[in-house]
Amino acid sequence: MKKISKKKLMLAIGMFVVILSIISFGIYRQYFYSENPIEVSYGEFLEKIEENQINKVFLMDSPKIKGELKDGQEFITDHPRTDNLKEMLLTADVIVVEVGEQHSVVQVITFIIVIGALAGMAFILSKQGSKQASKEYDKMSSVEFSTQKESTITFANIAGNEEAKENVMELVDFLKNPQKYQRYGARMPKGVILYGPPGTGKTLMAKALASEAGVDFLAVSGSDFVQVYAGLGAGRIRNLFKNAREKGKCVIFIDEIDAIGKKRDRGGLGGSDESDRTLNALLTEMSGFKGSEGIIIMAATNRLDILDEALLRPGRFDRQIEVGLPDLKARQDILKLYTQNRPIATTISIERIAQQTVYFSGAKLENLMNEAAIYAARENASFISEKHVDKAFYTVVAGEEKKDRSNIKESERRITAYHEAGHTIATKLLCPENKVTKVTIIPSTKGAGGFSMNIPPDSMYHKKKDMFHSIKIALAGRAVEEIIFGEENITTGASNDIQKATEILVAMIKQFGMNDEVGMINYDILLGQPGGVDQRLAEICNKEMKRLYEETKVLIEKNIHLVHAVTEELMARETLKEEEINKIIENNKVA
Ligand SMILES: Nc1ncnc2c1ncn2[C@@H]1O[C@H](COP(=O)(O)OP(=O)(O)OP(=O)(O)O)[C@@H](O)[C@H]1O
Ligand SMILES: [Zn+2]
């Protein structure tokens, strides 16, 4: 925008200067050079005065003065610059016109012309400017998204992340046959949030969904909606949805949704109104369509916890799919994908590379193989060999921040493995009917370890004994840490567990009348206000927790061989599924 108007401004100024020069030249001519004045010497001039031939003289502050003879002929002559020239002329009956006065008339005229010209110019420019601005505004409020239909990315291009993939695959049919679901009155999924660490293939999933369903893919980034003029973010959102509706079936992909969907700062002073407006526009647009149009909005974020709850409500982004870091098996699959079309030496062991790349994301694995290929090419080697991969490994890891987990110590993995094995074994022993979907030492966005498991069977009531079991399962992680590494070496890894255990225990004592000492009393009612601290209650809770923790430790110590066995498998494979856990327990049962 700047460039164009600068050019125009220069042009306008140029024209203005030319016009002004022409005008002033005209004025000048009119007053000083009209009708070809003759030049007379000062002597002649004095003579003419004496001969009474002069009608008028214009006195001005310049080297020449101008006059008019009685016959109308104009003349100029040198200005003597004497003090009494005017008096001399007046006594000779010559009309004296002081050009000072004339000048001011000229000045007034010039001034008016200049102002007029400037005003005109400003008007023209502003008109052009506002036209330009509104054009720019239009352009900016229509986000430039990339759309593609025949994208070549399919689910085959994504390795690992099987659960997330399955979840997304289910949506393909929704997109293809929205009428089918509508007929059964099924509520269409509208919004899906993919969350997980960077580079884990969230964008890839969204693209694959669009291309497998054969629909358009509209990609924008949350950051496109911030740092623009007031109201523009909301305008862009509306435009995006308008475009989507025109397209019909499509996948809208909003990367970095956290840029617009952060928790709103309620009641805070000076909260960003602008981002609120953008978020509100998004919420309104999402509520506005039925989903039967066959439009699915996918959003990606690295942080689910910072998103505004309004975004996650039913009818908005009510499906949340975790896309985590790949475990050993997934890393192998991803590496296979990226070695497929490259000349790989037969000596290379994908398994070994996968073992060495703990906590690598898919993007990082891709980068690793790419760097290795570059090293091989540089050497004109006939194959990519271990040596190139090793070199690439250091390149990829070297450019990382220190806190990156890629080079996390083996000992820390072992602590996590023991901790998670503790939860697993406690679950299997105390609540064998609970479903254990998986246990992993790959960190999830929810916590250090990964214990996505322990789903109790559905029931209307919770039994006292089950609640105690749940507390023990939560405490088992810490119990194993203490037993294996000693009391001095327990870690912060149990903080979520302790929170959960406390919640259950306090509810049992305060609300459910499950403690003999406290009795069947609702403590909140007794104390008059919820959340009041009561010394006796705190002591009772503490005592109970201690008892449960000791019992947990006894349970673990008795079954420590099972904990060891699960730990070793976790160290080797990082993730274990339910059947694998069952098998380990079966194989290690002491007869
Ligand atoms: N599971 C995977 N399978 C195959 N390739 C992957 C996988 N995950 C990541 N990649 C590779 O990493 C690249 C980046 O992935 P993508 O952009 O989808 O990650 P993302 O999760 O959207 O990351 P970000 O959060 O940084 O936007 C992909 O183009 C692909 O080459
Ligand atoms: Zn734990």
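The backbone N, Cα and C atoms fix where each Cβ goes, glycine too.
The model shown is predicted, which means the values in this text are computed figures rather than measured ones.
So that you can see what the record holds, here are the features copied from TrEMBL:
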- 9-28: transmembrane segment (TRANSMEM)
- 105-125: transmembrane segment (TRANSMEM)
- GLY196, PRO197, PRO198, GLY199, THR200, GLY201, LYS202, THR203: ATP binding site (BINDING)
- HIS419, HIS423, ASP497: Zn(2+) binding site (BINDING)
- GLU420: active site (ACT_SITE)
Inset, instruction - Would you please pick out, from the binding-site residues GLY196, PRO197, PRO198, GLY199, GLY201, the one with the fewest other Cβ atoms within 10 Å of its Cβ? - result: PRO198
Inset, instruction - Taking Cα atoms as reference points, rank the recorded positions HIS419, GLU420, HIS423 by distance from THR200 (ATP binding site) and give the first. - result: GLU420
Legend entry - Alpha-carbon spacing, GLY201 (ATP binding site) to HIS423 (Zn(2+) binding site), which is rounded to whole Å: 30
Inset, instruction - Can you grab the distance from the residue listed as 'active site' over to PRO198 (ATP binding site)? Cα atoms, rounded to a whole Å. - result: 24
Legend entry - Contacting binding-site residues for ligand 1, chosen from GLY199, THR200, THR203, HIS419, HIS423, ASP497 when the Cβ sits under 6 angstroms of any of its atoms: GLY199, THR200, THR203
Inset, instruction - List, in sequence order, those binding-site residues among HIS419, HIS423, ASP497 whose Cα sits within 10 Å of the Cα of LYS202 (ATP binding site). - result: none
Legend entry - ATP site, defined by GLY196, PRO197, PRO198, GLY199, THR200, GLY201, LYS202, THR203: further same-chain residues with Cβ within 8 Å of the Cβ centre: LEU194, ALA300, ASN302, VAL323, SER361, GLY362, ALA363
Inset, instruction - Consider only the recorded positions GLY196, PRO197, PRO198, GLY199, GLU420, ASP497: which of them have a Cβ under 6 Å from an atom of ligand 2? Write none if no residue does. - result: ASP497
Inset, instruction - List the Cα distance (Å, whole number) between GLY196 (ATP binding site) and ASP497 (Zn(2+) binding site). - result: 22
Legend entry - Which of HIS419, HIS423, the listed binding-site residues, has fewest other Cβ atoms within 10 Å: HIS423
Inset, instruction - List the residues of the same chain that sit at least 6 positions away from THR203 (ATP binding site) in sequence and have their Cβ under 8 Å from its Cβ, in sequence order, or write 'none'. - result: ALA219, PHE253, ASP255, ALA300
Legend entry - Nonlocal residues around ASP497 (Zn(2+) binding site), in sequence order (Cβ under 8 Å, 6 or more apart): HIS423, ALA474, LEU475, GLY477, ARG478
Legend entry - C-alpha spacing of HIS419 (Zn(2+) binding site) relative to PRO198 (ATP binding site), in angstrom: 26
Inset, instruction - Starting from the Cβ of GLU420 (active site), draw a 10 Å sphere and report how many other Cβ atoms land inside it. - result: 27
